[in-house]
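Presented below is the structure to which this report refers.
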Amino acid sequence: MTVNCSLWQENSLSVKRFAFAKFSEVPGECFLLFTLILLMFLVSLTGNALIALAICTSPSLHTPMYFFLANLSLLEIGYTCSVIPKMLQSLVSEAREIFQVGCATQMFFFIFFGITECCLLAAMAFDRYMAICSPLHYATRMSREVCAHLAIVSWVMGCIVGLGQTNFIFSLNFCGPCEIDHFFCDLPPLLALACGDTSQIEAAIFVVVVLCISSPFLLIIYSYVRILVAVLVMPSPEGRHKALSTCSSHLLVVTLFYGSGSVTYLRPKSSHSPGMDKLLALFYTAVTSMLNPIIYSLRNKDVKAALRRILALKKILSINK
């Protein structure tokens, strides 16, 4: 069903309201997708909230590595909440409209949390590099103040890029059609609705995206190359195993996040298709956010122990009631 934009235009040049395209005209498919996404959303929220709570309430986890992990968990909660609720509404309701202000707000938070995660993953890789390659200086070089500054820089960078990219997009006029062939306000589908020549805006956005994705990624690569060199010269097999095990969870999360993001935003425009873009976006907004707490909790005995203490305390409190 195509949405009629003429009723939503305040003048002949600008659409002030959009509508998300339907996933499917088959009601059963929409309900199945709604159930799966809702399940992933709830698992993501619960898992990330529990990890953040476990780290905050366990003094033994008040270390740089877990400080960054708590930041990542809080970030993932915001990341999914910026996209998934509206997507769920669109799946089971005909109310698929969104005002331009709401669309801009959703885009800002999506970019904000996404860029912040890029920077935060780089900070986590730097932390592992310092812990393994400079263990004698780790406590001083990764002090509480340094960690706080790295986290603040990550969040501020996300905010600056989010504001800039959103301003780029919504400085354009949208003449129609007003239907966004996606399930949230992302850059490529909105650019497709803009009037006139958008090549300069697209080039500017592409440069910013490449810089913001590639710069943290190169720092991650450099950190892990140095870590690998340090691990290979360790005389003890136990030391090598311990060093690699502390990095494996982070490496897996980096692969999932950067892999899906790079395929989505850095592949040629000619290879984009609405169906593939939606599938990839669903993966990096819902699936990766759900997998991150599972990866960190399953592969980290300290996090598992803290989670068990929280669940045991909750059980005791419920019995006392």
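Every residue, even glycine, has its Cβ placed from backbone N, Cα and C.
Remember, TrEMBL labels are computer predictions, not curated facts.
Taken from TrEMBL as is:
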{"type": "TRANSMEM", "residues": "31-54", "note": "transmembrane segment"}
{"type": "DOMAIN", "residues": "47-296", "note": "domain 'G-protein coupled receptors family 1 profile'"}
{"type": "TRANSMEM", "residues": "66-88", "note": "transmembrane segment"}
{"type": "TRANSMEM", "residues": "108-126", "note": "transmembrane segment"}
{"type": "TRANSMEM", "residues": "146-164", "note": "transmembrane segment"}
{"type": "TRANSMEM", "residues": "203-222", "note": "transmembrane segment"}
{"type": "TRANSMEM", "residues": "243-259", "note": "transmembrane segment"}
{"type": "TRANSMEM", "residues": "279-298", "note": "transmembrane segment"}
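Of the recorded ranges 66-88, 108-126, 146-164, the transmembrane segment (279-298) has the largest number of C-beta contacts under 8 angstroms with 66-88. Remote same-chain residues near the transmembrane segment (146-164) are listed as 64, 67-68, 71, 107-117, 119-120, 123, 126-127, 208, 212 (criterion: CB distance under 8 Å, separation of at least six residues from the stretch ends). When Cβ-Cβ distances below 8 Å are used as the criterion, the transmembrane segment (31-54) is approached by residues 23-24, 61, 69-70, 73-74, 76-77, 80-81, 84, 87-88, 91-92, 282, 286-287, 289-290, 292-294, 296-297, 303, 306-307, 309-310 of the same chain, each at least six residues removed from its ends. Between the transmembrane segment (203-222) and the stretches 66-88, 108-126, 243-259, the greatest number of Cβ pairs separated by less than 8 Å involves 108-126. If one looks beyond the transmembrane segment (108-126) by at least 6 residues along the same chain, the residues whose Cβ comes under 8 Å of a Cβ in the stretch are 65, 68-69, 71-72, 75-76, 78-79, 82-83, 150-151, 153-155, 157-159, 161-163, 165-166, 184-186, 212-213, 215-217, 219-220, 223-224, 250, 253-254, 257-258, 261.
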